[in-house]
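Student: Mind having a look at this structure? Questions to follow.
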Amino acid sequence: MASEIKKKLFWRAVVAEFLAMTLFVFISIGSALGFNYPLERNQTLVQDNVKVSLAFGLSIATLAQSVGHISGAHLNPAVTLGLLLSCQISILRAVMYIIAQCVGAIVASAILSGITSSLLENSLGRNDLARGVNSGQGLGIEIIGTLQLVLCVLATTDRRRRDLGGSAPLAIGLSVALGHLLAIDYTGCGINPARSFGSAVLTRNFSNHWIFWVGPFIGSALAVLIYDFILAPRSSDFTDRMKVWTSGQVEEYDLDADDINSRVEMKPK
């Protein structure tokens with residue numbers, strides 16, 4: 001960990017996560033607010049689920065392509081946790097990424113709050129349970145939505161695969177959009193604890209907020225269990241791979257590395 005923290009490239013990656021997360025939350029939540037200027041007194045807030053889902057998915061795909069070669073473009077604590085459990089990043093990197101992601105989400109939500117201050121009852125896209133949905137059901141939706149996302153990340157960035165064509169960022173972006181199409185009517189679709197955290201902090205409303213951390217983290221852990229130990233087990237011993245948690249990857253910034261266990265890279269094969 002000590003050697004990793006001294007590298008400029010490490011801190012560039014952390015800054016990249018912060019900046020990309022700020023842009024992601026601003027663009028995606030901005031689209032979810034669902035109102036047009038100038039505001040009219042009798043205007044109703046109509047949320048187009050397809051528009052919002054595409055905004056979330058396309059923003060992830062664009063930003064993953066933009067900063068993937070710098071940080072891996074996690075942009076989601078659940079994805080970061082998944083890659084940590086998959087022994088692809090160190091504990092230090094995971095902690096710093098999650099902090100950067102949460103701070104980025106707060107900054108973006110603060111900017112949105114200022115821009116949309118004239119909007120009455122502005123929730124800033126805060127996640128909560130829909131009417132008639134209990135906490136257990138909401139938790140289940142968040143688990144499933146995040147599971148399919150992290151499973152997609154692990155599969156599309158697996159260096160052992162030689163059958164991949166096209167764009168990994170686009171595939172992951174579509175997975176994010178798919179998760180929103182599933183979950184948006186039940187929980188507002190979290191599947192990203194940092195995104196949920198930013199809105200909750202600015203609105204000072206943490207009602208049912210635990211669901212949007214616990215659900216995605218459970219879904220992420222399940223995705224790693226399914227992919228790394230059932231669908232595509234790795235040949236290297238798990239105890240050896242765990243060394244990455246403290247030492248990091250030696251070649252983690254080598255974009256042309258051939259190591260099948262090296263860092264996730266949001267880059268077309």
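Even glycines carry a Cβ here, placed using N, Cα and C.
Model, not experiment: these values are computed from the prediction.
From Swiss-Prot, here are the annotated features:
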- 1-11: topological domain 'Cytoplasmic' (TOPO_DOM)
- 12-29: transmembrane segment (TRANSMEM)
- 30-46: topological domain 'Extracellular' (TOPO_DOM)
- Asn42: N-linked glycosylation site (CARBOHYD)
- 47-65: transmembrane segment (TRANSMEM)
- 69-82: intramembrane segment (INTRAMEM)
- 83-90: topological domain 'Cytoplasmic' (TOPO_DOM)
- 91-109: transmembrane segment (TRANSMEM)
- 110-133: topological domain 'Extracellular' (TOPO_DOM)
- 134-153: transmembrane segment (TRANSMEM)
- 154-163: topological domain 'Cytoplasmic' (TOPO_DOM)
- 164-181: transmembrane segment (TRANSMEM)
- 182-186: topological domain 'Extracellular' (TOPO_DOM)
- 187-199: intramembrane segment (INTRAMEM)
- 200-206: topological domain 'Extracellular' (TOPO_DOM)
- Asn205: N-linked glycosylation site (CARBOHYD)
- 207-224: transmembrane segment (TRANSMEM)
- 225-269: topological domain 'Cytoplasmic' (TOPO_DOM)
- Ser247: phosphoserine (MOD_RES)
- Tyr253: phosphotyrosine (MOD_RES)
- Ser262: phosphoserine (MOD_RES)
Student: How big is the gap, in Å, between the Cα of Asn205 (N-linked glycosylation site) and that of Ser247 (phosphoserine), rounded to a whole number?
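Tutor: Distance (Cα to Cα, whole Å): 39 Å.
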Student: Check the transmembrane segment (164-181) against the transmembrane segment (47-65) for contact, please; criterion is three or more CB pairs under 8 Å, pairs 6 or more apart in sequence.
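Tutor: Contact between the transmembrane segment (164-181) and the transmembrane segment (47-65): present.
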Student: With every protein chain in view, how many other Cβ atoms are within 10 Å of the Cβ of Ser247 (phosphoserine)?
Tutor: 14
Student: For the topological domain 'Cytoplasmic' (154-163), give the DSSP counts of helix residues, strand residues and coil residues.
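Tutor: Counting residues by DSSP class gives 3 helix, 0 strand, 7 coil.
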Student: Suppose you look only at the topological domain 'Cytoplasmic' (154-163); what would the mean pLDDT be?
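Tutor: It averages 89.
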Student: Looking only at residues six or more beyond either end of the topological domain 'Extracellular' (182-186), which have a C-beta under 8 A from one in the stretch?
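Tutor: Distant contacts of the topological domain 'Extracellular' (182-186): 49, 52-53, 129-130, 133, 137-138, 141-142, 144-145.
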Student: Looking at 12-29, 47-65, 134-153, which one has the highest count of Cβ pairs under 8 angstroms to the transmembrane segment (91-109)?
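Tutor: Between the stretches 12-29, 47-65, 134-153, 12-29 has the largest tally.
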Student: For the transmembrane segment (134-153), could you work out the same-chain residues 6 or more beyond its ends whose Cβ comes under 8 Å from its Cβ atoms?
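Tutor: Here the qualifying positions are 76, 78-79, 82-83, 171-172, 175-176, 178-179, 182-183, 186-187, 189-191, 208, 211-212, 214-220, 222-224, 226-227, 264.
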Student: How many of the residues that make up the topological domain 'Extracellular' (110-133) does DSSP mark as helix, as strand and as coil?
Tutor: 6 helix, 0 strand, 18 coil
Student: Mind giving me a neighbour count for Asn205 (N-linked glycosylation site)? Other Cβ atoms within 10 Å of its Cβ, every protein chain shown.
Tutor: 14
Student: Under a three-state reading of DSSP, tell me whether Ser247 (phosphoserine) is helix, strand or coil.
Tutor: helix
Student: Determine which residues of the chain contact the topological domain 'Extracellular' (200-206) at the Cβ level, with the cut-off under 8 Å and only residues 6 or more beyond its ends counted.
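Tutor: For the topological domain 'Extracellular' (200-206), the sequence-distant neighbours (Cβ-Cβ under 8 Å, at least 6 residues beyond its ends) are 106, 109-110, 113, 123-124, 126-128.
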Student: Using a Cβ-Cβ cut-off of under 8 Å, list the residues of the same chain that are 6+ residues beyond the ends of the topological domain 'Extracellular' (110-133) and lie near it.
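Tutor: Non-local partners: 22, 25-26, 28-30, 32-33, 35, 39, 141, 185-190, 195-196, 198-200, 202-203, 205, 207-209, 211-212.
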